[in-house]
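Features as listed in TrEMBL:
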TRANSMEM  A:12-32  transmembrane segment
TRANSMEM  A:44-61  transmembrane segment
TRANSMEM  A:67-88  transmembrane segment
TRANSMEM  A:100-123  transmembrane segment
TRANSMEM  A:143-168  transmembrane segment
TRANSMEM  A:197-220  transmembrane segment
TRANSMEM  A:226-248  transmembrane segment
TRANSMEM  A:255-277  transmembrane segment
TRANSMEM  A:283-306  transmembrane segment
Amino acid sequence: MDIFLQQLINGLVLGSVYALVALGYTMVYGILELINFAHGEITMMGAMVALAVIGALALAAPGLPGVLVLGAGLVVAIPVCMALGLLIERVAYRPLRHAPRLAPLITAIGVSIILQNIAMLIWGKQYIPFPAVLPQGRHEVLGAHITDVQIAILLLTMSIMLMLILVVQKTRLGRAMRATAQSRQVASLMGVDVNRVIASTFVIGSALAAVAGVMVSAYYGLAHYYMGFLLGLKAFSAAVLGGIGNLGGAMLGGLLLGLIESFGAGYIGDLTGGFLGSHYQDVFAFFVLIAVLVFRPSGLLGARVVERA
Amino acid sequence: MSSVLKSRWLAFSLLALGLALLPFLVDAGLGRSWVRLLDLALLYVMLALGLNIVVGYAGLLDLGYVAFYALGAYVYAWLASPHFGLHLPFWAILPLGAALAGLFGVLLGAPTLRLRGDYLAIVTLGFGEIIRIFLNNLNAPVNLTNGPQGINLIDPVRLGSFSLSQPHTLFGFTFTGVHLTYYLFLLLTLAVIFISMRLENSRIGRAWVAIREDEIAAAATGINTRNLKLLAFAMGATFGGLAGGLFASFQGFISPESFNLMESIMILCMIVLGGMGHIPGVIFGALLLTLLPEALRYTGDWQRNLFGQIYVDPADLRMLLFGVALVAVMLYRPAGLIPSARRRQEFADAKG
């Protein structure tokens, strides 16, 4: 029982981080039908910038409470990532909006290679440990452990997602975003500044990515210039699993993927009689992804898209 | 008429002569390591042309292409290395690896027929990752792949007593291993180019293009979209498997590290950058993207000449410049460097 609960907690925490990154993919996809391959790298940049700030602050003022230092890291990382997202959209995607579909995909790959290498040049190739500023509390719940960091991640992601839903459903910008996603042309005829809406989408997505990056590096206790790649890949898989372009789908897909991974890692050995070990956890995740897509080709919550000529 | 024919023959012979002499010119001008690179570039031309069938002709975005490359390579390694103690000749293994890869192409294609666009991309990507993870971990309970260490001491291509790994002298020329490999790869690359060209203008090729442009309309005109999509997967995978076998024999060593997602993405970049669905463009893209990162190693010299010292390690800088080049090319030539007439037209239409 306690193993089950432990995997549930780990899976939910991991899944909520995936969900946060997946939201960035799905929002951009919903509006532009573009896989923003560089999104994982924005997450990495968020983690790196925050770590640099936190490290510097922890050195300069060792007495500060951990939450404050972490907050400072976030306060710097979020605007940096927002600016980055805005810049990428402007330079690499906007000029290609009418180009063949794969062209922006290649610029996205180019941008992510650029970001990786910039990060490598600035912060080096080694793993960067997360400075020990965070509270290290552990609580016991029904035989399973949950740390302060995990609780913080869960609370933070839940509130951010709630906020995002409110923004998309209730505000003027959100309405413009939904309209643009339905039809860019008609939205612009209705007086929606489509370019601004798209830019805002990138900015919001990048802000979420920054938060996710900080959380992931706090959770694992380290950051690395290449961390965005796998994280982005999994988050994108999560977005597709839920039905890409659908906000609820991204959240559901993220949580599911986190749970699949953690239960897969926990139980795959027992299930296969020790034939497959926990290093197959990624295989497990991809198998589920493929199985879901084979039976529901547009994801769990994705709308059945009518073929357009 | 005959003068046109004559000049065609002349151009053809000059091209053949140039291709035959190329490794020696490169060897003399740039050094032995560049001949090796030339071999590798030919390998990538084969891979890119294979993926071009799937992505360029049939319009199926495949991000797991490298899995077939890996299969071909591992089949070769299993049957021609001390790993299982088997040493079968290459002419038996290469077709076997290619055929097995083709079979896997159908196996991947069959369940994904209903998927469209980016959903297909993510499933193929997942397939590629699954294959890689299995290769990485199948060293227990039975040691099939030797895990992350990979398989070593793979036999070079050998015909009777004639081994491609040893230098041979003919007409006063010394042909080293990399030179001989060049000719073998060139021959196979030309075969792949020939098949691609014939496919492009065939009933099958035109049907693929029709599916790419509009699957429903294609089905309505009586094209069997299911079989043709499977055929595209199978053909692409076969070329990938062939290239994989050649890669294994060429390197003498393979490990799962060589078959990661980035490799698939690179091959896709070659196609899109060069000009999707257009054979000269794809060849150019493959050559460019294989040779460019190596050429960018010279940035160390440029830095020394410009600033008097090296500021950034060229090994670190080259991938950054590579990324910049990818973005820049796409921004200025969104349809690729050498697009086909049809795509250029499509792009002009979309703009207007």
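Glycine is no exception: its Cβ is also placed from the backbone N, Cα and C atoms.
Contacts between the transmembrane segment (A:226-248) and the transmembrane segment (A:44-61): present, as 3 or more C-beta pairs lie under 8 angstroms, all at sequence separation of six or more. In this chain, the transmembrane segment (A:100-123) lies apart from the transmembrane segment (A:283-306): fewer than three C-beta pairs between them fall below 8 angstroms, excluding pairs fewer than 6 positions apart. Using a cut-off of 8 Å between Cβ atoms, the transmembrane segment (A:44-61) and the transmembrane segment (A:197-220) share at least three residue pairs, counting only pairs 6 or more apart in sequence.
The list of residues near the transmembrane segment (A:143-168) in space but at least 6 beyond its ends in sequence, with Cβ under 8 angstroms from a Cβ of it, reads 1-2, 5-6, 8-10, 12-13, 16-17, 19-20, 23, 134-137, 174, 177-178, 204, 208, 211, 215, 218-219, 247, 251. When Cβ distances are compared across the two stretches, the transmembrane segment (A:12-32) makes contact with the transmembrane segment (A:197-220), since 3 or more pairs at least 6 residues apart fall below 8 angstroms. Under 8 Å from some Cβ of the transmembrane segment (A:197-220) lie the Cβ atoms of residues 13-14, 17, 20-21, 23-25, 27-28, 31-32, 36, 39, 42-51, 70, 73-74, 77-78, 80-82, 84-86, 88-90, 94, 130, 134, 149-150, 153, 156-157, 160, 164, 167, 173, 176-177, 180, 187, 227-228, 231, all in the same chain and six or more residues away from its ends.
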